[in-house]
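One structure is given below, encoded as structure tokens.
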Amino acid sequence: MKFFVTGTDTDSGKTLAASAILVAVNNYARKQNKAISTLGIKPIASGCEQTEKGLRNSDALSLISAMNSEVEYQTVNPIRFEPAIAPHIAAKQVGFDLTADKVEAVFRQIPQADFTLIEGAGGWRLPLNDNEYLSQVVAKQKLPVILVIGMKLGCLNHAMLTHESILAYGLEIVGWVANHVDPDMLQKQENLAFLKQTIKAPFLGEIPFLEDATADVAAKSLDVSVLV
């Protein structure tokens, strides 16, 4: 099973949600006495840090910590840039030709696992270059989508636009997560109620605002049984 994880914007909490889902699936498998291999992939990442092992991205490292498959870092995060800016702009700065074909090649080379999450970068319509978008690659691969909604003022508009665009591509939203990114958001439950009423897909759970968010803690708020 492969799923693509997208969010309403770059700060919606995709990585926390994706990592939490991986942990939750691992926990579910143990409780059910099942052997389920889990894998997290971050095909494209900007804002990477130089280390003695090369560029490393905190999102990719979070996925690696949450999954139970053992793979090389390059497999998890093959396309990475140091500048913390939109990937297509970062690619231009370093002279890298970021194309849909290259991203599709990454998707085709993903190792086999029972449960795989592919986390996007930014929001749903992430530009790869002046003419191509990551969403087009996801649509070509016909991947089911998990939507992460960053709960804050303005999220309803972001959620509806993203939701409508995913469906317009002919893709299925197999689940969605409400991730509280703003502790001061007003009328949280009213906003959540609107989303539950409007999004016709399984609600995987509500991650509360966490000062020091960890996948292990966030996983306790999720029900992933519908995914496995």
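Every residue gets a Cβ built from N, Cα and C, even glycine.
Note that the structure is predicted; figures quoted are calculated from it, not measured.
What TrEMBL records for Lys42 is active site. Among the features that TrEMBL reports, ATP binding site is placed at 11-16, Asp59, 119-122, 179-180, 208-210. Per TrEMBL, the feature Mg(2+) binding site maps to Thr15, Asp59, Glu119. Taken from TrEMBL, the feature substrate binding site applies to Ser46.
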Among the binding-site residues listed here, Asp11, Asp59, Glu119, which has the most company in the form of other Cβ atoms within 10 Å of its Cβ? Glu119
What residue among the binding-site residues Gly13, Gly120, Gly122 has the most other CB atoms lying within 10 A of its CB? Gly13
Most crowded position, judged by CB atoms within 10 A, among Lys42, His180 as recorded positions: Lys42
Write out the long-range same-chain contacts of Thr15 (ATP binding site), meaning residues 6 or more apart in sequence whose Cβ is under 8 Å from its Cβ. Lys42, Ser58, Asp59, Ser62, Leu63, Glu119
Asp11 (ATP binding site) in three-state DSSP notation: coil
Under DSSP, is Glu119 (Mg(2+) binding site) part of a helix or a strand, or is it coil? strand
